[in-house]
Amino acid sequence: MSEQIVTSEIITPVVPDKNGKINLLDLNRQQMREFFKELGEKPFRADQVMKWMYHYCSDNFDEMTDINKVLRGKLKEVAEIRAPEVVEEQRSSDGTIKWAIAVGDQRVETVYIPEDDRATLCVSSQVGCALECKFCSTAQQGFNRNLRVSEIIGQVWRAAKIVGAAKVTGQRPITNVVMMGMGEPLLNLTNVVPAMEIMLDDFGFGLSKRRVTLSTSGVVPALDKLGDMIDVALAISLHAPNDEIRDEIVPINRKYNIETFLDAVRRYLQKSNANQGRVTIEYVMLDHINDGTEHAHQLAELLKDTPCKINLIPWNPFPGAPYGRSSNSRIDRFSKVLMSYGFTTIVRKTRGDDIDAACGQLAGDVIDRTKRTLRKRMQGEAIDIKAV
């Protein structure tokens, strides 16, 4: 086996859980080897345990039969393998599965999307989101905290456990992971990067770097750091052809405008092999907001110096949202303009919208620390009083 191992400089502090045990899902391979060294064991023991954890989805040390009984007993005293639990499952008519995952006293959502030739898992990185993109349900829930490594990789582990571990079924239960669930991944680099390293590691889930995708709304300093830490596929949530529109629907644009964002994207592409020289542009289609043919021409001009493919995403509604979904005819005209400029343009097929599992619909259960939901409720009450 050709080893793919941790290369980043991030070392997340390993903190025992309340029961005093180390959750091994919090450790990448470098940390696992250090942990076993502290136990007086050889580094290869870490590799053996990781193989059981991720290839077999085992959380029981007694199942690890190539490890001696004394070491298994020692591990049970000081460590555990504890992934977050599924507390609710919903299945779509198209085969998509949405899991509500308990993280402490809150919930995040994880989505499994099976297709004929692949199975993609959409993973959350935060409880809620601080960025307030106006068309996204998650953003309306407010923000509470970053997820730990074990809570991020634990979503992949739990999904693989449910669908069937690779060594049990003989097939990969998950072929692609997209960091496109709840939260902005670049605002949680300390935990997201080690989790992605486990996804890529041969003794982890062994995914190709082209099959692990991080999506960002444009936290430019963190994007520059990412390029020095790990090489994964990159998707960017652009959603507008100019700063005027993006300032309104993606507020972080007021801090890092489109030009600044795309400059950072091009810097990342220069460092990356995973992207095959181009980035994926995500563009949600909002009726009569950003979906006119004039917007398509502006977008083509904007992206002329950025190697990319463009995903057009029909907007998925949620209660209280002030937008409408673009009609098929408007999306078609928009797409044809982009293709006339030579851009690879794909209209994303909506999956799981009947269970609110589609793009922009994930909500979870968030104890909002930003007071955003309270402000919105008070504003709503004020409007109602005025209307009366």
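Counting starts with 1 at the first residue shown.
Placement of Cβ uses the backbone N, Cα and C atoms for every residue, glycine included.
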Given that Swiss-Prot assigns Gly183, Glu184, Ser237, Leu238, His239, Asn316 to the S-adenosyl-L-methionine site, pick the one from Ser215, Ser329, Ser335 that the record assigns to that site as well.
Ser215
Measure from the CA atom of Cys136 ([4Fe-4S] cluster binding site) to the CA atom of Asn316 (S-adenosyl-L-methionine binding site) and give the result in Å, rounded to a whole number.
9
If one measures from the C-alpha of Cys133 ([4Fe-4S] cluster binding site) to the C-alpha of Ser237 (S-adenosyl-L-methionine binding site), what distance in angstrom results, rounded to a whole number?
10
Quick one: of the binding-site residues Cys136, Gly183, Glu184, His239, which has its CA closest to the CA of Glu109 (active site, proton acceptor)?
Gly183
Tertiary neighbours of Leu238 (S-adenosyl-L-methionine binding site) (same chain, Cβ under 8 Å, six or more apart):
Arg246, Ile258, Phe261, Ile281, Glu282, Tyr283
